[in-house]
Amino acid sequence: MKRYPTAISLSTRMELKGITPCVYTLTILINCYCLLGRVGFAFSVFGRILKSGYGLDIVALNTLIKGLCVSGEVVKALGFHDELVTKGFRFNEVTYGTLINGLCAAGQTGAAIQVMRRIEGRVVKLNVVMYSTIIDSLCKYELINEAHDLYSEMIAKGVSPTVFTYQSLIRGFCVAGQLKEAIQLLDQMVHKDIRPNVYIFTILIDALCKKRMLKEALDVHDKMIGSGHEPSIVTYTALMAGYCLNNKVDEARKLFDTVVHCGFAPDVWTYNVLINAYCKLEMLEDVMNLFDEMCHKNLVPNLVTYNSLIDCFCKSGKVSYARKLVKTMLDSGLTPDVITYSILLDALCKSQNLDQAIALFNQMLERGLTPDFWSYSILINGCCKDQRIGQAMNLLKEMHVMNLVPHTVTYTSLIDGLCKSGRISNAWKILNEMHDNGPPPDEITYSILLDALCKSQHVDQAIQLFNQMIERGVAPDVHSYTILIVGCCKSDRIDEAINLFKEMHLNDLVPDIVTCIVLVDGLCKSGRISYAEQLVNMMHNNGLNPDITTYGIFLDALGKSQHLGSKCLISAHG
């Protein structure tokens, strides 16, 4: 056990007894003060060394520089270094390794590289510690290409990388999603007889699992076993998550049971993986069994556990149970976060309990939580569906005041609410604002406004909006085309409907049954029976089997126009 205050006290007692400390004792004192974060006292001791006539000691100087760096005073450390260099003192590799580490820890990786370039080949020889420290820092800031370039440089200069070097790079490639490169580095390690540790294997397995690359993750797991390493509970938890992401929850459960049987103790995160998977499948009984089991093992559920459970209860329509869980959370000393509240807000809005949702939102504010854009979007959507457009608009203004950028979904909900309340011009204005200032409207946003214009018999404006949509680079989908085809058919603009139908084919969009039924109805009502007949045949040939409604429309039109041959054709299809 390190007892720095005791060492300082002993030094004081020595001096009280008239024993003059030597340079070695004073250097120990400097180290003690630095490790206690009392760098000022350490420099006072250094002053005593100089006054006593002792020469500059590299160990003492390196200790002081490290003390400054650890205390977050790396600029002072550099200044102290520069002052002594101008006086002719030469520092060693330890000094520069310390300075580079201090700069990287302070987020000044660029300055660390400058120091390395300044001393390279002149002052000291660059070593693996200097290279690895900068590589690690670059990786933490997701500058993986620069980190790999430095790695290539150190190899070219004959500096052999260590496990730490590879660990930093592999983690960096995993964070950047460059898993192929991460696997290649692992293979390089093995080829160079550098034994990867459990952490390296685990971060790679975890990254592969998160990308749903389960087979590759299992291959790395096999390499891990083959190299003589025993996976940790973290490794197994990552694999379980991989199974769950690949919809193999039963396999995840088997692995869980095997791990327990082998004597491993699952932690909260291990349980969370299975609980979350069961929640998504709405397997409430299994969820609660696992929850009770973890509590029985004295594992304290965390926010992730409770949020998964609350979400599961809400999606199962058991909002009252979800709210009881929130009380349980509070009783256990856990404070619900924005995610917890957003889950409940969504459930209350969907169950048409908007007043309760608003009360809960206000409670969240009272408890000092700052709603995110998703919380606001849920409530705005709820207000719009309940025709409380004024409240929705006020919430949108609040978002802007709080510098929260509304998502396309937020604005789309508002446009939908405005359209349903007959305020189409306001909806169009917001859509234009989205185009000008962002976020950009998508095909769903446009489709809502198109539908409102068509239903209010403003087909010309709908066509104008449709063309504007294409000009702005938003590709209409089948739903957008169907809305406009319906609008044209209901306004007896059958030629325009036919042109839109043809345009769909040119854009490689396959009309669905709704599009075809609407057009068949429009063609029949306009007396274009032969064209309607061709469309019915096309539907049949493309596997869109016309239903009884389609045939009813067609037969009714045929009866009026006495197309007996076509009736026989329909009988054959039927």
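Along the chain as shown, residues are numbered 1 onward.
For all residues, glycine too, the Cβ spot is worked out from N, Cα and C.
All annotation found in TrEMBL is predicted automatically rather than curated by experts.
As annotated by TrEMBL, transmembrane segment applies to 21-46.
Taken from TrEMBL, the feature repeat 'PPR' covers 22-56 (among others). Summarised by DSSP class, the composition of the repeat 'PPR' (22-56) is 26 helix, 0 strand, 9 coil.
Sequence-distant neighbours of the repeat 'PPR' (92-126) (same chain, 6+ residues past either end, Cβ-Cβ under 8 Å): 58, 61-62, 65-66, 68-70, 72, 74, 77-78, 81, 133-134, 136-138, 141, 143, 154, 157, 159. Here TrEMBL flags 92-126 (among others) as repeat 'PPR'.
Among the features that TrEMBL reports, repeat 'PPR' is placed at 127-161 (among others). Residues 93, 96-97, 100-101, 104, 107, 109, 112-113, 116, 168-169, 171-173, 175-176, 178, 181, 194 of the same chain, all 6+ positions outside the repeat 'PPR' (127-161), place their C-beta atoms under 8 angstroms from a C-beta of that stretch.
Note on the repeat 'PPR' (162-196): mean pLDDT across this stretch is 95. Residues or ranges marked as repeat 'PPR' in TrEMBL: 162-196 (among others).
Taken from TrEMBL, the feature repeat 'PPR' applies to 197-231 (among others). Beyond the repeat 'PPR' (197-231), the same-chain residues lying 6 or more positions past its ends with a Cβ under 8 Å from any Cβ of the stretch are 163, 166-167, 170-171, 174-175, 177, 179, 182-183, 186, 189-190, 238-239, 241-243, 245-246, 248.
The repeat 'PPR' (232-266): residue composition by secondary structure is 26 helix, 0 strand, 9 coil, according to DSSP. Taken from TrEMBL, the feature repeat 'PPR' applies to 232-266 (among others).
Here TrEMBL flags 267-301 (among others) as repeat 'PPR'. If one looks beyond the repeat 'PPR' (267-301) by at least 6 residues along the same chain, the residues whose Cβ comes under 8 Å of a Cβ in the stretch are 233-234, 236-237, 240-241, 244, 249, 252-253, 256, 259, 308-309, 311-313, 315-316, 332, 334.
Cβ atoms under 8 Å from those of the repeat 'PPR' (302-336) belong to residues 268-269, 271-272, 275-276, 278-280, 282, 284, 287, 291, 294, 343-344, 346-348, 351, 353, 367, 369 of the same chain, restricted to positions at least 6 beyond its ends. Positions annotated as repeat 'PPR' by TrEMBL: 302-336 (among others).
Among residues of the same chain six or more beyond the repeat 'PPR' (407-441), those with a C-beta under 8 A of the stretch's C-beta atoms are 373-374, 376-377, 380-381, 383-385, 387, 389, 392-393, 396, 399, 448-449, 451-453, 456, 458, 465, 472, 474. Taken from TrEMBL, the feature repeat 'PPR' applies to 407-441 (among others).
Under the heading repeat 'PPR', TrEMBL lists 442-476 (among others). When DSSP labels each residue, the repeat 'PPR' (442-476) comes out as 26 helix, 0 strand, 9 coil, counted as helix, strand and coil in that order.
According to TrEMBL, the repeat 'PPR' annotation covers 477-511 (among others).
Annotation source TrEMBL lists repeat 'PPR' at 512-546 (among others).
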Per DSSP, how many helix, strand and coil residues does the repeat 'PPR' (477-511) have?
-> 26 helix, 0 strand, 9 coil
So how many of the residues in the repeat 'PPR' (407-441) end up helix, strand or coil by DSSP?
-> 27 helix, 0 strand, 8 coil
